[in-house]
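S.K.: There's a structure below that I have some questions on.
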4 protein chains.
Amino acid sequence: MLSNKKKYIVNGNSGIKAQQIQFADQKQEFNKRPTKIGRRSLSRSISQSSTDSYSSAASYTDSSDDETSPRDKQQKNSKGNSDFCVKNIKQAEFGRREIEIAEQEMPALMALRKRAQGEKPLAGAKIVGCTHITAQTAVLMETLGALGAQCRWAACNIYSTLNEVAAALAESGFPVFAWKGESEDDFWWCIDRCVNVEGWQPNMILDDGGDLTHWIYKKYPNMFKKIKGIVEESVTGVHRLYQLSKAGKLCVPAMNVNDSVTKQKFDNLYCCRESILDGLKRTTDMMFGGKQVVVCGYGEVGKGCCAALKAMGSIVYVTEIDPICALQACMDGFRLVKLNEVIRQVDIVITCTGNKNVVTREHLDRMKNSCIVCNMGHSNTEIDVASLRTPELTWERVRSQVDHVIWPDGKRIVLLAEGRLLNLSCSTVPTFVLSITATTQALALIELYNAPEGRYKQDVYLLPKKMDEYVASLHLPTFDAHLTELTDEQAKYLGLNKNGPFKPNYYRY
Amino acid sequence: MLSNKKKYIVNGNSGIKAQQIQFADQKQEFNKRPTKIGRRSLSRSISQSSTDSYSSAASYTDSSDDETSPRDKQQKNSKGNSDFCVKNIKQAEFGRREIEIAEQEMPALMALRKRAQGEKPLAGAKIVGCTHITAQTAVLMETLGALGAQCRWAACNIYSTLNEVAAALAESGFPVFAWKGESEDDFWWCIDRCVNVEGWQPNMILDDGGDLTHWIYKKYPNMFKKIKGIVEESVTGVHRLYQLSKAGKLCVPAMNVNDSVTKQKFDNLYCCRESILDGLKRTTDMMFGGKQVVVCGYGEVGKGCCAALKAMGSIVYVTEIDPICALQACMDGFRLVKLNEVIRQVDIVITCTGNKNVVTREHLDRMKNSCIVCNMGHSNTEIDVASLRTPELTWERVRSQVDHVIWPDGKRIVLLAEGRLLNLSCSTVPTFVLSITATTQALALIELYNAPEGRYKQDVYLLPKKMDEYVASLHLPTFDAHLTELTDEQAKYLGLNKNGPFKPNYYRY
Amino acid sequence: MLSNKKKYIVNGNSGIKAQQIQFADQKQEFNKRPTKIGRRSLSRSISQSSTDSYSSAASYTDSSDDETSPRDKQQKNSKGNSDFCVKNIKQAEFGRREIEIAEQEMPALMALRKRAQGEKPLAGAKIVGCTHITAQTAVLMETLGALGAQCRWAACNIYSTLNEVAAALAESGFPVFAWKGESEDDFWWCIDRCVNVEGWQPNMILDDGGDLTHWIYKKYPNMFKKIKGIVEESVTGVHRLYQLSKAGKLCVPAMNVNDSVTKQKFDNLYCCRESILDGLKRTTDMMFGGKQVVVCGYGEVGKGCCAALKAMGSIVYVTEIDPICALQACMDGFRLVKLNEVIRQVDIVITCTGNKNVVTREHLDRMKNSCIVCNMGHSNTEIDVASLRTPELTWERVRSQVDHVIWPDGKRIVLLAEGRLLNLSCSTVPTFVLSITATTQALALIELYNAPEGRYKQDVYLLPKKMDEYVASLHLPTFDAHLTELTDEQAKYLGLNKNGPFKPNYYRY
Amino acid sequence: MLSNKKKYIVNGNSGIKAQQIQFADQKQEFNKRPTKIGRRSLSRSISQSSTDSYSSAASYTDSSDDETSPRDKQQKNSKGNSDFCVKNIKQAEFGRREIEIAEQEMPALMALRKRAQGEKPLAGAKIVGCTHITAQTAVLMETLGALGAQCRWAACNIYSTLNEVAAALAESGFPVFAWKGESEDDFWWCIDRCVNVEGWQPNMILDDGGDLTHWIYKKYPNMFKKIKGIVEESVTGVHRLYQLSKAGKLCVPAMNVNDSVTKQKFDNLYCCRESILDGLKRTTDMMFGGKQVVVCGYGEVGKGCCAALKAMGSIVYVTEIDPICALQACMDGFRLVKLNEVIRQVDIVITCTGNKNVVTREHLDRMKNSCIVCNMGHSNTEIDVASLRTPELTWERVRSQVDHVIWPDGKRIVLLAEGRLLNLSCSTVPTFVLSITATTQALALIELYNAPEGRYKQDVYLLPKKMDEYVASLHLPTFDAHLTELTDEQAKYLGLNKNGPFKPNYYRY
């Protein structure tokens, strides 16, 4: 088994010994933030990368008149296979083209596939997955297949499935159970169809939000006897796993891929730097130059938003609770204020906090006419949207995802995506970012599947730093970027292995 | 004793309970990089903040004709005290003015002093210190005094003492033993005079480079029985402490203040963002616009250099060994190359690696005429300067800190500071940055001095994150920055204490 | 008449005397660039501001099944008026809302309306207009009405009319003749219906592209006897006017508003800085970070594109023919190259030249797979798209405005908007920019209409600088920007009138 | 004569015909701003490029004890020549090295020299010059010599002469009359020694500030009969020329090189972008990050200052009187305020207005403690420094060019360079910028000297745009920048000559 794996963790000529990368860095205290989140919202990750783009989906040929539930339809792909349930298998061709386009921007997964031509590190793996179903997920699934795995898949969100992509996967023989606009009942039915199959039992779980894991715990706890590990991508799912672990109920090793460096920096800093502009433009066509903006929260997301808007000529204010992040905001050239100080004068309010009720009704009452309010942080709790559902205020839907909330005196507030995540609702996530996440998921699956007995216990692990570095290195060719190699003398001077890892665990990047 | 301390760790109205901040976060593996560094260079920290500015010093009234060694002079301050040894006690007034100017940019220490008017958390502390002796250090020493401590001080570097400041401290009654241009013998004599005093024995050590600690280990090992802890600021000194700890020879707790967040981000990213421009301008008067620059290394220092030069209109290339940092460079808009690819075309080469022989003679041979070469990383090993000391090359000193190295064909390379750290040699460190470090040192001393028996063992500790946050919060008023406070409801939602710490230990900022 | 006008040229308390602003600065040599442009394309201005946004239009309720030509329908508004021809008068309410939204971002026109409550500087003016018909144009037309003018309007482009807005104008009593998707014949029919009316003869022309002017010259040359002037906004139309003037055939004064400072800087630099990102994102969902981009041309448009992409982390190369602009590119931090040097390596090619065949088939042949090619400059000639219409290449429309052109070896080039202007086709123009243009047009109409006999001859004039400054000042309140006023002493020192103009004509801003 | 010149105006292979560049673009209204400037200050240009760097001079070996006036010394160079008057001819070697270093960054002048090997376009020219005497001026003078001219030179400023450079020029045989620290009387004596020579009469004038021109008008008006033209570089000198012209007293053609594009953009925008940082750092060692700064004036200088400080993390406010520049400031992301709105909160006040009393005593009274005040605009009138010379305020000189002005309550204002130009007093001007100016001067001399009778009248001319473009093109090789050439077809399409000029005169860059 180990020999299978070697090929996937090789960096350059030198060959990284398997042992070097197979130790997860450390157990890790969970970041306790998002504790009270309602049932359904759990399945929407606050991670920006684990989603499709609704707006790009909007351009799809989705307006089929067919209102029959997919569950009630007889469906077969062109090879006669009917072990799937999608909206319309006839849309497969369109979905295939989207997958092919995505492949071009997912170089790392394609590189993994290439290496898989000889050995199959996932041979024998039976992976059940529950993620957003998009072209990028399809590239991941087909890569896992190329690496030897069998997969069954459901959607982690009732709205996010791209029906054409699901159709293309079904056409290619993947048992996919998902469509856009599932009911709550559909949702669990789909998951169950992935898990509860005669003659097939999963030995790996790939989850995004923890619903799949939850279902198996609840309905088929015995399945865990054969399961080698869980790979979980979302903050919410990771949180659930840490809770299970604390309660002593986690019965297999789990890999937290949400907190890997590449994911954090790319999903948050770099991706939001672009998506804040994109989301605002697509919804409002506004001009950024000269606008006054307040950004609540100066974590990675806030940093990205602030940098982008500053570069476009906006005047940006920042609010923070953490003095260290606050000092960073100062040094980066942003006035650090309390929201009340600037709420009357700003043209845009953006929340990036991970917190709740950051923008209250009182703030909303004091905003000036035409002020735009949106959320880049998490969930839909950062702005107290519920407080706007009062009789004296009029809501007017002016465009998709854009509401004018009108005060009795005629003042209008422009609320985007009803306070849900702007970048999920109103912009798209670049494939390149999704590529990083998907590659990390694939490597985590390989690692857990191939780890010798005893390496991982029934606990939650972070990816070994070495793997983070490997994911990064697989993406460098996209930029025609040329890494420098240490000489022997230099490696010795630095006390490093020439192939990494190159940094201590606490390094902040 | 605990009651004494409370005042110093209060944040806002609410009062942080002492217990909350007195647990060092974790023991920590040492970043093993700089292992082989020669004797004397050990006392020059690679930390940018732990130094004075030579160039600003240059403007001082230092050209006294007096060549008598201070050790051979009889010196008394105006109160008749002679327990000190400085260059010229008469320069005290000039030094006092520099100290007063520095006080204005060290708001956090001044705030600590103010709080000390009632209680004295360092009452009974006998601190022996060995650091660069500058106006900023003087503000620290006088703050420690105001907090109740007795101090004796020597210099950690034979060149870095500002004589006027040393004189001002001596005039104020501080036993200071330091002058600019000490011999090796003077250096140790000064340290010894701090430690080896009748009727006074230190119970705290504040070290920068580890020489003082080394001296006590070697000469007065018994002193450690009364010593409550060591606070060490430099990479080198920290490295030595970790070695002692590994070897089981560390006999008191030690606090590594080098790796605190505020220090790392400020000393490296923010400070270098400014000092790279300053250092290049002061030495070469060059124009940045349109210049092609290669920056070797994209850690915090490299990030700062790249951001500044890009903003000034330079075209910047980056070299890296670590794929994660490399990917960051790409996303930040820099072409990632091997040095050889661009060495013929660039106008400036800057090393920021922590490594050795990054720029070799072969590279130097291939550079174009007038190429500027300098080091922002560490030590003087990043550029292989030794390789330029060959007969066929002519060295011409054109300005202070600027050499032209001339090839037989007339090509000139402009070498700055002979390959030593540009920002130490050719620019100044802003007082504000030094303020952050000095405040961290003061808090570390308070923590170790007041910690109840058993809290710290004979090991090396990182500062509790809470303290990092406290240092940051003390510096926010400088920017008229207003921190937001969590509501009870929000704190509960986030699972955080309203007074912090606000982030998990692994948070990357 | 003059007294009517005064109110509109008042700045602050002091009152600018009418005479001060009524001298056009100078006659002006025409910038001869775009000489050979075909018939229909003439009516599409290269000016970014003179257009609607197709993509925002896309969200409209336009999918009426009604295929009857508007010319064949009987239409009446709610007041029984039928002097108009639009797609569907029932869409008026939706259009009115768009107009109201636009009003909120067109503060300067609203300010003009307010001042018009007393006097009517356009009383008696009969304006025939031919422009894009959008919500912003509607705000302009209704402002002209409020200022006392009667207006009749046609569209300058067969695709750009927003039917709902046209309906709203018709409902309000404006004789509008325009719909989306006119035929060539419809186009001229609409123009004719504006001009050829019994009992109404225009005395002012507002044109965008010169088609209206052309039509009157051709069909109703006698009308010019009563026409007081032409205001022309587009490069193309201005070019035609200069040609008429040279040929001695221009029989009324004309105002070139295309070359006013505010228009140039806003339409080009500031607007393109945003629309390049918007256009690329909406069409390709690409990530900008780390991408290599070549921008052909470093005029205002190129400067805007380069600044935005650099800020988003792209690596930008520039090509130029003008050594001054080339040197600016260098100083701004861009490598100046010939297209051939980088064509194999770049991810995006953007043309901003005003030239033709800047990107040739040879370049296209050498681009790498997935390279994106688009035009931000003018017309559709910058990229030699015709050269791609050859049998060996396959075109695949992957999204609206996005074609994959596929080489026999499988290489795909991503061509946006078939080489037409990206920002017209794939992004929107912020209302704020349109506001500047519309205000300039309104002031130019007022100036020409009220100018005393003899001030303007049968020639083409630039707007007086004073008016440019006035347009700017009307837009400052949007940013809560507070202008400083000169003291008497300062004005004397500078030799300036306290109310401007503040700069010599040759000032470059 | 014409044939001599051809070589100097060739661009690439193609050969620009002399006629194409020999028409000055247009007469031009003078920018009337700086009208009331006192006698001596007239000789200090507000142009940043026409000066040496005092601070770099400070590193020179200038502390000669010799207090004898150079006028009283017998001086001979090594060849026995004594037609000069400098401080100390023995410093020639040091000065020569500085000249050689400067040559490396003045590629355009070196290129002109190279082309001069065959023909001598200035053969017969007798140029009398009065400029700052620096290494860069020396490169210009020696270039003029190489082109065939004879030169005699004096200093335009009593402080700005670099004695070593003057010595080097004298040693090489140039009749130079200048030293650092001339008296008023010395100043005119030196000028007179250049002009009033037996057997030598100038036929060209190169002036910087107009003092030389003034002297000849006053003392030797008959000389103008043989003088072919004046080349003037400073705002002040240009102003004087326009006044002479208006008064009908200008008796030879004059070339205004101050307003050429390259000079304006480079001297102001690009140079100040760097020198504001340099000047502030060298004087105060302050940190820019997080500092609040108000910049008065958003012309080219203000734009440069704002861009640099924003990039370094400062929060920048702008004041403006011109609504167009104000709107630019808004779009570039700066809050536009009146000075009073922010004066209490800012850390730095920078004037860039060209105006007087922009910062008044009232403002100074309201600034906060430690506020830094400096002038980047012109002259020393922008800050009302005189108002600080009152008994209740204490001045304390803390460093060279740095005064603390202390209020009775202890508040200190940090005044730089006593309100004179910061970039002249406290930073250096990059050689590259001086190269552009010097090249422009050389080309203007060639143009005027070789112009056929009648091309230029007794008036003030701007350089032909073609020459601006040529100067720019000579500097592109420094950046390894590759200009694109128009194809014949493209040139025809654009209506341009392939060799330029490429833009209409009103183009704003």
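A Cβ is built for glycine as well, from the same backbone N, Cα and C atoms used for every other residue.
TrEMBL lists these features:
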BINDING   B:Thr134, B:Asp208, B:Glu233, B:Lys263, B:Asp267  substrate binding site
BINDING   B:Gly299, B:Glu300, B:Val301, B:Gly302, B:Lys303, B:Gly304, B:Glu320, B:Asn423  NAD(+) binding site
COMPBIAS  B:33-42  compositional bias 'Basic residues'
COMPBIAS  B:43-62  compositional bias 'Low complexity'
DOMAIN    B:268-429  domain 'S-adenosyl-L-homocysteine hydrolase NAD binding'
REGION    B:25-82  region 'Disordered'
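Thinking about packing and proximity, how do these listed features fit into the structure?
M.R.: Under DSSP, B:Thr134 (substrate binding site) is assigned to coil, being neither helix nor strand in the three-state scheme.
Classification of B:Lys303 (NAD(+) binding site) by DSSP places it within a helix.
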S.K.: Can you tell me the mean pLDDT for the domain 'S-adenosyl-L-homocysteine hydrolase NAD binding' (B:268-429)?
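M.R.: On average, pLDDT over the domain 'S-adenosyl-L-homocysteine hydrolase NAD binding' (B:268-429) sits at 96.
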S.K.: What is the Cβ neighbour count of B:Lys263 (substrate binding site) at a 10 Å cut-off, with all protein chains included?
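M.R.: Other Cβ atoms found within 10 Å: 25.
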S.K.: Can you list which of the binding-site residues B:Asp208, B:Val301, B:Lys303, B:Asn423 come closer than 8 Å to chain A, going by CB to CB distance?
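M.R.: So none of them sit by chain A.
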S.K.: Can you tell me how far the Cα of B:Asp267 (substrate binding site) sits from the Cα of B:Val301 (NAD(+) binding site), in Å?
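M.R.: Cα of B:Asp267 (substrate binding site) to Cα of B:Val301 (NAD(+) binding site) measures 8 Å after rounding.
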S.K.: Around B:Glu320 (NAD(+) binding site), which residues of its chain at least 6 apart sit with Cβ under 8 Å of its Cβ?
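M.R.: In sequence order, B:Gly297, B:Tyr298, B:Ala326, B:Ala329, B:Leu336 meet the Cβ cut-off.
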S.K.: Taking the Cα atoms as reference points, how far is B:Gly299 (NAD(+) binding site) from B:Lys263 (substrate binding site) in Å?
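M.R.: Between the alpha carbons of B:Gly299 (NAD(+) binding site) and B:Lys263 (substrate binding site) there are 14 Å.
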S.K.: For B:Asn423 (NAD(+) binding site), which DSSP three-state class applies?
M.R.: helix
S.K.: To the nearest whole angstrom, what is the C-alpha distance linking B:Gly302 (NAD(+) binding site) and B:Lys263 (substrate binding site)?
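M.R.: B:Lys263 (substrate binding site) has its Cα 16 Å from the Cα of B:Gly302 (NAD(+) binding site).
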S.K.: For B:Asp208 (substrate binding site), which of the binding-site residues B:Glu300, B:Val301, B:Lys303, B:Asn423 has the nearest Cα in space?
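M.R.: Among B:Glu300, B:Val301, B:Lys303, B:Asn423, B:Asn423.
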S.K.: So, three-state DSSP: helix, strand or coil for B:Asp267 (substrate binding site)?
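M.R.: Its secondary structure by DSSP: helix.
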S.K.: Do any of B:Thr134, B:Glu233, B:Lys263 (binding-site residues) have a CA within 10 A of B:Val301 (NAD(+) binding site), and if so which?
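M.R.: Candidates kept after distance check: none.
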S.K.: Here are some binding-site residues: B:Gly299, B:Gly302, B:Gly304. Which one has the most Cβ atoms within 10 Å of its Cβ?
M.R.: B:Gly302
S.K.: If I take the Cα of B:Glu300 (NAD(+) binding site) as reference, which of the binding-site residues B:Thr134, B:Glu233, B:Lys263 has the closest Cα?
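M.R.: Closest recorded candidate to B:Glu300 (NAD(+) binding site) by Cα: B:Lys263.
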S.K.: Using a 10 Å cut-off between Cα atoms, which of these binding-site residues sit near B:Glu233 (substrate binding site): B:Lys303, B:Gly304, B:Asn423?
M.R.: none
S.K.: Provide the three-state secondary structure of B:Glu320 (NAD(+) binding site) computed with DSSP.
M.R.: coil
S.K.: Just checking, which of B:Glu233, B:Asp267, B:Glu300 (binding-site residues) has the fewest C-beta atoms within 10 Å of its C-beta?
M.R.: B:Glu300
S.K.: Which number gives the other C-beta atoms within 10 angstroms of the C-beta of B:Lys303 (NAD(+) binding site), all protein chains shown included?
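M.R.: I get 24 for this one.
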